[in-house]
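As structure tokens, the structure follows; a few thoughts come after it.
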Amino acid sequence: MVCLFRNLTKIAIQDQLPRPSDLSEGAAVSRIKFYRNQIAHSDSGAMSDSEFSKTFDEVSMAIEVICPSMKTDCETLKLAHIDHSVHDIYLEFVKNEKQMEEMKQQQEELVAQVKILNFERQNRESIQTEEISDWKKKLETFYVTEAVNRLIKVVKDKQCTIITGVPGSGKSAIAYHVAIYMQETEGYTVVPIWIPSELIKLANSNSKQLFVFDDVFGKYSLNEFNLNCWESEIRHIKMLLNNNILKVLITCRSYLYDQVIYSLSSQSFEQFNLQSDEMSLSLAERKEIIQFIENEIENLKRRKDVSFLALSLLVLSNNSIEKEGLQIGKDTYASLLQDLCDEMAMDTRKSPSKTSILTSLQNLTNMYLDETESIFCTKHDKIFDIISHTIGNFIIRCVLRHGESTFISSRCQMNSLNEQHGDSTIMITDELQTMYFERILKDIERGHTWEVFASIQMKFEKFRVLFMLYLEKSSVNFSFSDTNGTTALHVTAAKGYFDMSKYLLGKNRKLIFSLDSRKNSPLHIASSYGHHEIANLFLSNDAEVDIVNSNECTPLLNSSLSGHVHFTEVLLEHHADVNRCTASHSWSALHFAADDGNIDLIKLLVRYKAIVNSQKMNGMTPLYIACNSGHFNAVQLLIENKADVNKCENEGWSPIHIACYDGLYDIAEILIINSADVNKDNNTGETPLHYACDGNHINIVKLLLQHGSDIDKGNGNEETPLHRTCQAGYVDIVKLLCEHGASTNQRSRDGFTPLHCFCNRDYDKKFDQTITKSAFLHNVNESGDMHLIPAENSDKDIIKHLIKHGADTNSATDNGKTPIILACQRENLEVVKMLLRFDVDATKYDNNGFSPLHIASSEGNVDIVNSLLKHGVAIDHCNVNGDTPLNLACFHGNKNIVEILIKDGADIHKGEDIGNSALLDACNNRHNEIATLLLDNGAEVNSPEEDGRTSLISAAEDGNIDLIKILMDHDADVNFQMNNGMSPIYFACDCGHLEAVQMLLSYHADINKCESTGWSPFTCCCVRQPYGNSKSPLQCACQADNEDIVKLLLNHDASINHCDEDGCTPFHDACSKGNINIVELLLKDEAAVNLPDRTGRTPLYIACQQKCKDVVELLLKHGIEVDKAAQDESQEGWTPLHVSASSGDTCITDLLLKNNATVNVEDRNGHTPLYYATQQKCDAIIELLSVHGAILSNNDVKVLSLSKEQNKKNRCKMQ
């Protein structure tokens, strides 16, 4: 009908419910349409009596407008009895229509999802196809080696293969080749993927697939995301790989392999190591590859191909061509290209353009080069070696004229020297020797000192002689240095070129005093490298022997640090200060020698009166450092030279402390023989015996005991060595200390005995699971060899030794912990069993009343609970909080323990009388299964806490509907009230748990039961408001944006226009929040749309203030008064248009104007909306208002004029 009216008549059909005052035919049809849709789309298919009456009246009135003669029929129908069969048919119709709409919506959603999946699949396939095409391009010049053929056989035979190798070893290229081979010869579908989870999505059990992961676990560092992803999907991957037609091929860099192999172990990956001897390239293969590249380049040269010119440019740029330099208008490479063309005898008139060179470089990326965002370079340094050698020999003049200094220094050598050279060396012919030397002189003048004086051929004396002869003919200034201040003399000193150093000094003696950026003199540099002949040369030329660099080192400290004995001796002969120290940490030369264990250097320094007992800033002596570094001979030598064996560093550690700590028996022995104090304690009270015990160094422990070490001396915490050994669980040392009379009952500062320490030691359950299978622990003896001790026996032996030597098994710590309580806390079953065998008092509890059974029940350890129960512990003992073991088991959700305790006779009702029942503990922590177990065993379902809280109240507050059902099935009181009157449904409403509310209502919860301050459940339906704020439940729901509660309240006839003390209705709050759905619900229930609050703000005014465009639009459709002004003085009589114009909201302003808002309406101050838009400089609003005829009022003009005048005055004052 609506469709016909819309298309065949001029009647205007609305999509919203028309205003009540609109009695047109179009409005009548619109009303019928609106109510028909409302009924058809109803969730329940039912309506209340009031809703029915209202709806019937509205529809009847609409029918009367269209056809007045049907008024009587409508009145008769309203009072008629409907045939029940018709009623059923109608309900079925409504139900079917709703189901059809839901199915249609589901169908549309499924179609959309299928489209997305198809799109993703097409994109993925496109990317994979493009990736494989890229592989094929890269493999155009692939060389098949013996290793490749071996790998193909491995991939055929094995399901999972991982190729490992260093960067540049060809992992990726080999993987690509093998994958394409498997595709072309074995019928596999190759699937390149980059994220492990993709394997799960793309695997097809009916298709032969080879999944290729290239560097999936990272390149430069571990890709932890992908590794974690692989580990999380291990179970699914393993299930997929049960299908043998699926294969996986991974490439991985060698240094990452050890970090990922554990995660791959479950898939049995076959490693193919390209670095292994049998897989590496043979010499013949290497030569063939080099020859292949050289032949390619020679062919390019012979054809005068642009690619040869491009590669030549790469050589001259030392493997880094800047792309920017090849752009039009850039002259970066102009002279290089010109000279290259000349040397290659190319016609300069036909020389290639920069664009063609750029294109050639890009074409070469498939074979030799890599292209980044800014440069071109070779794929690997070895490739550049081959290219530079091959091309360099064709363009030597250009190399000498334009090549980078580092390139010439490291790759060029004169042929006339007739000296050994590398395969990649470019040989300079005799005719180009002069040109070569001229280039070197220029490099000296440019400050390239390292490149010149440390070149590959400077090591040849023959070259140095020729070079010096050439220098004699030149007028070069040797004072030049590089950017770091490094002079030629610094370089020759580093390289040890005596003749060249002497020559340079002869040319410029001041070079001896030159300093680089780190304030290193040439003597410093020589001292680091140990060239003692040069030291003599420099010192004889007045070099300052004790000069200090920026690291506060003299040449003597440098040479000592580097261990150069002869050099140090030369310096000492020239009166270097042997006891000079670094300023920051006070390292002396003897400290450095001791740290290195350099016997000859120590002897030399001592001979020159080095202070043997000098201390660093931290107090360490050379002897201490030698001990710390484990240098026995150095320790012995220092002691022979009167080193103080008891001199401590600042923390009180003596040499014997560090020797015992590190387990250095020989050093400890020699120190003790030389009167080291074995009972000396450091700043924390630790003796050498403490540290020997900590490290399980039994031989040192024996040594210390033989030499009178105080076995019961405590540290700062009053812990003895036996405390520490028991804590670590070292059975042999425990036995040794006990046999030597160690006190087994000496207490630490917190009351721990050694037995307490043993029972309290860290216990790794994972480790226990491991040793349960092997039943062995690893113990390391003094020589580092491992012997095996049964794990269980080691625990037993320690307890046996302690008890045998008088340990009190029932001794309590300061907080009342007994050994068995500590063992239960650590869940160490074997220790608990051992203690029980020795008849400990398992009923003894700590200061808080916790017994061993309390602890075990909390931790959930079934075996320990069973062991304790067998020894007759008090099962119902309460701690200071009134908790029994059953309470704690219920609180922590340990169902197995609960079952055991109930079976063993635990009192299930204990604590019910004081509000501390086990059921409450279970329910308060959402342990539904335990609650069921307790109820099935007779727990009182309505037993309250002290404040009257029951289990049902707890479940309602949590919204735990499963638990609510369990409790109600066991006769919970649905209306039980706490001491303050709050009931279960009150809490469910207060926390917004709609399903819980509905369930409680189904059990006849009293919705009107109020708490002590008069609040009903619905008053606190969403959010708690301050008491006495006069807000209705509906208003609370609107403020909290809780649409479900709003619907529920409206269905129960909540007062829609109730005002709070501020005059606000629920509709005001809904408009303020901007929740369009709640606004629509209230409008349908005829909310008062024009009712102002106490300040005169209408819902439209508030919606404009909050910039809720959708709400404004909806209100305007429902005939709201658009010009109603706020009356309160604070609002200045603004209309909604004033608000939107002032706030700069163009959309809302436009909506108001289109709905006939008065454009020139004035507020109390006589100002129009245009005035406020002008003040706020809202150009879009000004233009919009002007289009609708806005003008400024007289007051507007006056104020704006005064404002301009004042601005002028202010500017005059400033000028």
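Indices start at 1 and increase along the chain as displayed.
Each Cβ is built from the backbone N, Cα and C atoms, and glycine gets one as well.
Look at TrEMBL and you will find 93-120 tagged as coiled coil.
According to TrEMBL, the domain 'DZIP3-like HEPN' annotation covers 2-89.
Annotated domain 'Novel STAND NTPase 3' per TrEMBL: 142-290, in sequence order. For the domain 'Novel STAND NTPase 3' (142-290), the model gives a mean pLDDT of 83.
Annotation source TrEMBL lists repeat 'ANK' at 585-617 (among others).
The repeat 'ANK' feature in TrEMBL is assigned to 684-716 (among others).
Taken from TrEMBL, the feature repeat 'ANK' applies to 717-749 (among others). Here the repeat 'ANK' (717-749) has long-range neighbours at 685, 687, 689-690, 692-694, 696, 698, 701-702, 705, 711, 755, 757-758, 760-761, 779, 789, 794-795, 797-798, 801-802, 804-808, 811, meaning same-chain residues at least 6 beyond its ends whose C-beta is under 8 angstroms from one of its own.
Per TrEMBL, the feature repeat 'ANK' maps to 815-847 (among others).
Note on the repeat 'ANK' (848-880): residues 815-816, 818, 820-821, 824-825, 827, 829, 832-833, 836, 842, 886, 888-889, 891-892, 894, 896-897, 900-901, 904-907, 910-911 of its chain, located 6 or more positions outside it, place their CB under 8 angstroms from a CB of the stretch. Here TrEMBL flags 848-880 (among others) as repeat 'ANK'.
For the repeat 'ANK' (881-913), the DSSP counts in helix, strand and coil order read 19 helix, 0 strand, 14 coil. Annotated repeat 'ANK' per TrEMBL: 881-913 (among others), in sequence order.
DSSP assignment over the repeat 'ANK' (914-946) gives 17 helix, 0 strand, 16 coil. Positions annotated as repeat 'ANK' by TrEMBL: 914-946 (among others).
The feature repeat 'ANK' is assigned by TrEMBL to 947-979 (among others). Same-chain neighbours of the repeat 'ANK' (947-979): 915, 919-920, 922-924, 926, 928, 931-932, 935, 941, 985, 987-988, 990-991, 993, 995-996, 999-1000, 1003-1006, 1009, 1011, counting only residues six or more beyond its ends whose CB sits under 8 Å from a CB of the stretch.
Residues or ranges marked as repeat 'ANK' by TrEMBL: 980-1012 (among others).
Per-class residue totals from DSSP over the repeat 'ANK' (1029-1061), listed helix then strand then coil: 16 helix, 0 strand, 17 coil. Residues or ranges marked as repeat 'ANK' in TrEMBL: 1029-1061 (among others).
Sequence annotations record features per position, and here TrEMBL assigns repeat 'ANK' to 1095-1127 (among others).
Each residue of the repeat 'ANK' (1132-1164) gets a DSSP state, and the totals for helix, strand and coil are 17 helix, 0 strand, 16 coil. Under the heading repeat 'ANK', TrEMBL lists 1132-1164 (among others).
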What DSSP reports for the repeat 'ANK' (717-749) is 17 helix, 0 strand, 16 coil
Per the Cβ under 8 Å criterion, with at least 6 residues separating them from its ends, the repeat 'ANK' (585-617) contacts 556-557, 560-561, 563, 565, 568-569, 572, 578-579, 623, 625-626, 629, 631, 633-634, 637-638, 641-644, 647, 649
For the repeat 'ANK' (881-913), the distant same-chain contacts (Cβ-Cβ under 8 Å, at least six residues beyond its ends) come to 848-849, 851, 853-854, 856-860, 862, 865-866, 869, 875, 919, 921-922, 924-925, 927, 929-930, 933-934, 937-940, 943
The correct DSSP tally for the domain 'Novel STAND NTPase 3' (142-290) reads 72 helix, 29 strand, 48 coil
DSSP assigns the residues of the repeat 'ANK' (848-880) as 17 helix, 0 strand, 16 coil
